[in-house]
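Asker: So TrEMBL says this about it:
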REGION    475-494  region 'Disordered'
TRANSMEM  17-41  transmembrane segment
TRANSMEM  85-107  transmembrane segment
TRANSMEM  114-135  transmembrane segment
TRANSMEM  208-231  transmembrane segment
TRANSMEM  261-278  transmembrane segment
TRANSMEM  298-318  transmembrane segment
TRANSMEM  325-342  transmembrane segment
TRANSMEM  348-371  transmembrane segment
TRANSMEM  392-419  transmembrane segment
TRANSMEM  439-461  transmembrane segment
Amino acid sequence: MQINRDQKHRLSVCSKLCFAIGGAPYQITGSALGFFLQIYLLDVAQLDPFYASIILFVGRAWDAVTDPTVGFLVSRSPWTRYGRMLPWIVFSTPLAVLSYFLIWFVPPIEQGKVIWYLIFYCLFQTMQTCFHVPYSALTMFLSSDQKERDSATAYRMTVEVLGTLIGTAIQGQIVGGAIAPCIKSNRSPAVVEVDKSVSYSYRLQKNAYMTASGVICGIYILCAIILFSGVKERRELVRPKSEPPMSFIQGLRLVMGHGPYAKLVMGFLFTSLAFMLLEGNFALFCSYTLGFRNNFQNILLVIMISATLMIPFWQWFLTKFGKKTAVYIGTTSVIPFMILLVCLESNLIMTFVVTFAAGVSVAAAFLLPWSMLPDVIDDFQLKNPGSRGHEAIFYSFYVFFTKFASGVSLGISTLSLNFAGYVTNGCSQPDAVHLTLRMLVSAAPIVLILLGLIIFIVYPINEVVRLNNRKELQKLRDSEQDSETDSSDSGNVV
């Protein structure tokens, strides 16, 4: 009987791969936007840093607000012949692709540029949320076996890091081949007379961004098709809700009232912010502070290659030594390289070496949050057996906190560059800009990482607790299945 149940809960490799591929669009577009949107708005769209900071902050803040909203809507969605989560993914894809493409288009209007980018950035974030929140919650409906969910999560994280690599490679290599000449002037670019060759290079650069976005849009659609075709939601895992629909405040109280979830979210909030600050400002740091304007896309690619290669290692590590230990080792390993990076002179080879080593920690930052969230949800279900059907809410609030804080950090970092005197598309930057960039890619992330690790000290779900929860939850599910079977048999006898 137990063997049959184990086989029933087991996922095929094909199902895990199809599920994992569904996570690629979020990371491909996320890496392109994270690494390149700031420098695109400043040097290609040629927006003032103040307006660029508004776009980045409002877009991320709006994205954060839509996450719990979509989470509530998903949790209230009826079951269809295709499941509860998959229809959201299918219907959001066309608008997500269209709005993403228009983000990388420079409109032929000067006065309306800020509104243009705000509208399409917010629209894309909304559609992306309608894809990603159901996709994240889909983990809980693949299997009731924690090992199978962890395995599917490892597949997903490997593909997502590979997606980040693909996004960085496509955007970086296409755009990197069409970098416009910098402006050798101390004056504002608005009053600089640009010659024909510079104007032609500028048009090539705009076209390169559009070409890269077109390729990414095609991959986005392909991944959505594979996910929909190869993954089936298990209806028997859709546990009936025991409570009426909740408001935003009630949902917030529910998830933050569960201690392990609150500590996990707050810990990863700080560590994720550290890596987001590094991601958002690294292209500018490489281009101006290190002086690798023509090689920054290759440096970004090295980080992502390293992270992709190290995902299997971290999956083995957290299985062998525990997830909490992996958090401490994986996150702290990046600190020496952050310090070394800002202390280096402009040495391209050493920069490649340091960034490859830093990618080891980036892999851990990708894998661990999504591997640990199901453990917290299992803990909640075990302690609250009468409160069911809230998986999407837990995932959406985690993404909400991370994205909102990310919006604040990106807005503040871009605004800091404005106060430091950033020169749009300049060949050189003032010393204050170099100092600001060093702080944004080293000092600030290190402080955030240390704060996150302090919070993880009180995170209660270690390996002993996790394994015990797994056993108790499996007993609870088995007893529920046996009760349902007995009820069905009794009904048939009658």
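The count begins at 1 with the first shown residue.
Note: Cβ is positioned from N, Cα and C throughout, glycine not excepted.
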Asker: Among the recorded stretches 85-107, 114-135, 439-461, which has the greatest number of Cβ pairs closer than 8 Å to the transmembrane segment (17-41)?
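Answerer: Top-ranked stretch among 85-107, 114-135, 439-461: 114-135.
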Asker: Do any residues, 6 or more residues outside the transmembrane segment (298-318), come within under 8 Å Cβ-to-Cβ of it, and if so which ones?
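Answerer: Sequence-distant neighbours of the transmembrane segment (298-318): 31, 35, 154, 157-158, 161-162, 164-165, 168-169, 172-173, 176, 282-283, 286, 292, 325-326, 329-330, 351-352, 355-360, 362-364, 366-368, 371.
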Asker: Can you tell me which parts of the same chain pack against the transmembrane segment (439-461), counting only residues 6+ beyond its ends and a CB-CB cutoff under 8 A?
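Answerer: Those are 259-260, 263-264, 266-271, 273-275, 277-278, 280-282, 285, 324, 327-328, 331-332, 334-335, 338-339, 341-342, 372, 375-376, 379, 413, 416, 469, in sequence order.
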Asker: Taking a Cβ cut-off under 8 Å, which residues six or more beyond the ends of the transmembrane segment (348-371) line up next to it in the same chain?
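Answerer: Cβ under 8 Å, 6 or more out: 136, 139, 150, 153-154, 156-157, 160-161, 164, 264, 268, 271-272, 275, 286, 290, 292, 295, 298-299, 302-311, 313-315, 318, 323, 326-327, 329-331, 333-334, 337-338, 340-341, 398.
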Asker: Grab the same-chain neighbours of the transmembrane segment (261-278) for me: Cβ-Cβ under 8 Å, and only residues 6 or more beyond its ends, written as numbers and ranges.
Answerer: 34, 255, 327, 331, 338, 362, 365, 368-369, 372-373, 376-377, 380, 394, 397-398, 401-402, 405-406, 409-410, 413, 440-441, 444-446, 448-449, 451-453, 455-456, 458-461
